[in-house]
Amino acid sequence: MSNEFITFEKISRKSWKQLHQKSKPLLTQEELTSITSLNDNIDINDVIEVYLPLIHLIQIYKIAQENLSFSKSLFLKKDIQQRPFIIGISGSVAVGKSTTSRLLQLLLARTHKTSTVELVTTDGFLYPNSTLIKNNMLNRKGFPESYNMELLLNFLDTVKGGQTASAPVYSHEIYDIVPDQQQTFTNPDFLIIEGINVFQNQQNNRLYMSDYFDFSIYIDADSHHIEQWYLERFLSLLELAKHDPANYYTRYTSLPQNEAIAFAKKVWKTINLENLEKFIEPTRNRAELILHKAADHKIDEIYLKK
């Protein structure tokens, strides 16, 4: 074990699944398929063995957070302020963050039937393409400087304070912020924040997004596996774009497959891999839990902070 993981407890999947014995998955295979991202690989068995124990762990953290909030209110002689339990989820492009986020949202809603569970991605806080082009940063999209961190931190601060907050909406189909569209959140019970940058803050080293989290997860995998998943996803996106002229990826559909793959490999190496190695992976030890995936997308190891 490297020094990076010295503060984590390493748990095998076999041991992890025994920590929670419920076998009812809380959703159907059809529902699971509907929330699974392109080229991801997950089944009901994964839900039972990995995600149900995780839901149970999150409940433990939520109870602890509520107890602390109550005790602090007594100490300060103030009324308890109802605020969301915020979960941050990070990891590389194409590692499966979106599938995990949507699955947790569904499972939390099924477990806490009277609670509201919302999901927001940090993609919405990217600067619009027009701004990136103006500042010659379009080729840095996804890197720390391409995010409006002030807007993102203000959003988190508002949500954490129990107030109504709005977030911009990003579309992967148009590869840009959707004009005049907002996602509004009114003091949900749970808020999941998903993005490659949720443990970063390049503008203010004294304040991290993770300061607002009650629980945090990093989705991990070997970079050469993630590259393969990225290439597979890129080809799937090209197939979808063939019949949609408005889709950003339509411009690449006329390329021969070998040229399309070469282009995707270049993007991976010069943008996504560099971003992963310099800015994303170095933040993973800020997570409370690390889910490690094997080559087949299956979670094989879990690291829980001691």
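FYI, residue positions are counted from 1 along the chain as it appears here.
From the backbone N, Cα and C atoms, a Cβ is placed for every residue, glycine too.
In Swiss-Prot this protein carries:
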BINDING   Gly91, Ser92, Val93, Ala94, Val95, Gly96, Lys97, Ser98  ATP binding site
Neighbouring CB atoms within 10 angstroms of the CB of Gly96 (ATP binding site), all protein chains considered, total 25
If you rank the binding-site residues Val93, Ala94, Val95 by how many other Cβ atoms lie within 10 Å of their Cβ, the lowest count goes to Val93
If we count other C-beta atoms within 10 Å, could you say which of the binding-site residues Ser92, Ser98 has the fewest? Ser98
Which chain neighbours of the ATP site, leaving out Gly91, Ser92, Val93, Ala94, Val95, Gly96, Lys97, Ser98, have a Cβ atom within 8 Å of the mean position of the site's Cβ atoms? Ile196, Ile219, Ile226
